[in-house]
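As recorded in Swiss-Prot, the features of this protein are as follows:
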{"type": "ACT_SITE", "residues": "His44", "note": "active site, proton donor"}
{"type": "BINDING", "residues": "Ile168, Thr169, Met170, Val171, Asp172, Met173, Ser174, Trp224, Lys225, Gly304, His305, Glu306", "note": "NAD(+) binding site"}
Amino acid sequence: MKVTFEQLKAAFNRVLISRGVDSETADACAEMFARTTESGVYSHGVNRFPRFIQQLENGDIIPDAQPKRITSLGAIEQWDAQRSIGNLTAKKMMDRAIELAADHGIGLVALRNANHWMRGGSYGWQAAEKGYIGICWTNSIAVMPPWGAKECRIGTNPLIVAIPSTPITMVDMSMSMFSYGMLEVNRLAGRQLPVDGGFDDEGNLTKEPGVIEKNRRILPMGYWKGSGMSIVLDMIATLLSDGASVAEVTQDNSDEYGVSQIFIAIEVDKLIDGPTRDAKLQRIMDYVTTAERADENQAIRLPGHEFTTLLAENRRNGITVDDSVWAKIQAL
């Protein structure tokens, strides 16, 4: 089905206010959920909202909490999210990293005791729109087996890198072949995954999203490489924030909350002039996209460039929402 941005935001806002969230906070949170969905990231927008409300009702998320600065070391700061609303706090933390970068050339904010930030790409994009390189990542509850194991002991720990090119170039990727959100999107659409995304119950690689959702044997991105990246990203976020690791979040908490996150902004213009920056970026993009195609009907893609098209289509034609997901939200 199709809904407008206004309908989507109003639905989110209604549910948030009915759960006791104050009107200003509810409006800002609903806006971010709606913007994420409008951008085409359904898995971490509308599809994720019922799960967000469940955690709000369970007390994992404290809606009136505010992040608190703990330590300041010039370009590096350490903050405690105090289990505040994840997407609103993440936006504030990237804004703070940008402020630090404006003074120092680079800014790094390490955040502990945080909640799920929903679409991580929003915060990299936020920096790139202002002319900064944006880098951020988060750890999570253990939802992926390390390479060679059957039992979940590492997080998908998504990493975002956004570049202020025209259009913005951005990688937003979990350390698994697919996020659990994308498994859900494909299952709801009745589609197999385009490539193997995990193992079935017999240990064979599979493209069936429902099987992987159930047995949790999701495949690390690049096999052992994604497994290794997940571990070191967790270590860095834990040390810099003095926060909880994947092991602590999984073993000590009743659900996925109290995670650790990193936000980095780099002011490119302190290192290179604008025309030179633009020319270098354009040469990179042209060199990549003019490669001989494996399939003449399939253009070479640059990461993140599709979001401009998806956003325009959703604004023109309405936002696609799965019927069953919309019914869940209406029933909240």
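Cβ coordinates are placed from backbone N, Cα and C, and glycine is handled just like the others.
Small disclaimer: the values here were computed from a predicted structure and weren't measured.
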Assigned element (helix, strand, coil) containing His44 (active site, proton donor), judged by DSSP: helix
Cβ neighbour count (within 10 Å, all chains shown) around Asp172 (NAD(+) binding site): 23
Where Ile168 (NAD(+) binding site) sits in the secondary structure, as DSSP reduces it to three classes: coil
Site extent for NAD(+) (largest Cα pair distance over Ile168, Thr169, Met170, Val171, Asp172, Met173, Ser174, Trp224, Lys225, Gly304, His305, Glu306, Å): 30
Three-state secondary structure, Lys225 (NAD(+) binding site) (per DSSP): helix
Pairwise CA distance, Met170 (NAD(+) binding site) versus His44 (active site, proton donor), rounded so that it is a whole Å: 17
